Amino acid sequence: MARKISNKKTQRDLLAREKLFELAEKIYNQFENEVVPSISLPSRTKSNLEYSNESDVWVYGGRESERSAKTVKGAFQLLKTTYATEFLINEHLAQSRGSTLRELYYISEGWEAAKFKEQAESDRLIEDLELLTNLQREYFHMRPEEDGATMFGPIEITEQTNRGERNIHCQKDVGEGGYQIPFNVENIEFKAHDASMIIAIETGGMYARLMENGFDEAYNAILVHLKGQPARSTRRIIKRMNEELGIPVAVFTDGDPWSYRIYASVAYGAIKSAHLSEFMATPAAKFLGLQPSDIVEYELSTDKLTEQDINALRSELSDPRFESDYWKEQIQLQLDIGKKAEQQAFAGKGLNFVTEVYLPNRLKEMGML
């Protein structure tokens, strides 16, 4: 098992090296041929999202933006691209090392004119490299700064780490917090499972409630804590468990416009990273709740929608990820009632209500029980 994972890692490193060299060679050849260097990238805007019938996710369309040395700004962007490409090849891939996105920003202090002015600039450049190579930043050994999310449930895995191989049962071998998902889940192999569903949960409070109430055991459920807007590794492992193991996925969030976008990022991909949708999105994922109709049906405690909430809901009515009749009805209902609710509002009905009444009823309604 360890050799299998190690071989995959070697293959990924070779592919990343090849793609980065191709990019560097393209820019070099433009200089050689006395052509003003330039690169083209998909426009990362909502208006450039297109639905892929092949993969059932939203991806970037045909609109492009150009980075060209015809302008001073474009020339600096290309300079920084070449410095970053060289660094990733020589320092990361050649030496089997990695850096966080924050570290890359500080590393650039030694690049003189190619130094990044702020971290947002270096983050965007890594996204550019993903688009240009059609690879994920994990292939370049780039790590996020934040900790990974956690999961808890009846699944056994093998994880290859820098210190060797680990065999882990995500119920029996972990503490109350669950198994911490690593930033690169390609280093994980699934060994066995008894799961009948995956419940991806927005808040830590609801994740802990389902664990304490034994929902994972009662329904053979893998519980995944999304920690708000989910990290890429969290979305990727959900997709892998769904596609490779055939485990259905339900997403359980708060009942507000920002939480609906959390669901959309799991199911269809985020606008900012639509180039990775086919790699990370799980189009089979279903929205469990909290629905605006649940607020009405269960008479949950609520907060009034803010102007920001209202504007976000109206924006979602034109978001291609929410174009179904179901979403238009739910969003319009929420605008009509002017209310939002948190997952923990179910506690007002008793600590067991969410696991004994709401979830079983809703999962049956969704055809998952």
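Placement of Cβ uses the backbone N, Cα and C atoms for every residue, glycine included.
Model, not experiment: these values are computed from the prediction.
What Swiss-Prot annotates here:
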type	residues	note
DOMAIN	11-149	domain 'Topo IIA-type catalytic'
ACT_SITE	Tyr106	active site, O-(5'-phospho-DNA)-tyrosine intermediate
BINDING	Glu202, Asp254	Mg(2+) binding site
Q. Quick one: DSSP breakdown of the domain 'Topo IIA-type catalytic' (11-149) into helix, strand and coil?
A. 80 helix, 22 strand, 37 coil
Q: Check the recorded positions Tyr106, Glu202, Asp254 for other C-beta atoms within 10 angstroms of each C-beta and report the one with the most.
A: Glu202
Q. Mean pLDDT over the domain 'Topo IIA-type catalytic' (11-149): what is the value?
A. 83
Q: Fill in the CA-CA distance, Asp254 (Mg(2+) binding site) to Tyr106 (active site, O-(5'-phospho-DNA)-tyrosine intermediate), as an integer in Å.
A: 37
**Q.** Separation of alpha carbons, Tyr106 (active site, O-(5'-phospho-DNA)-tyrosine intermediate) and Glu202 (Mg(2+) binding site) (Å)
**A.** 32
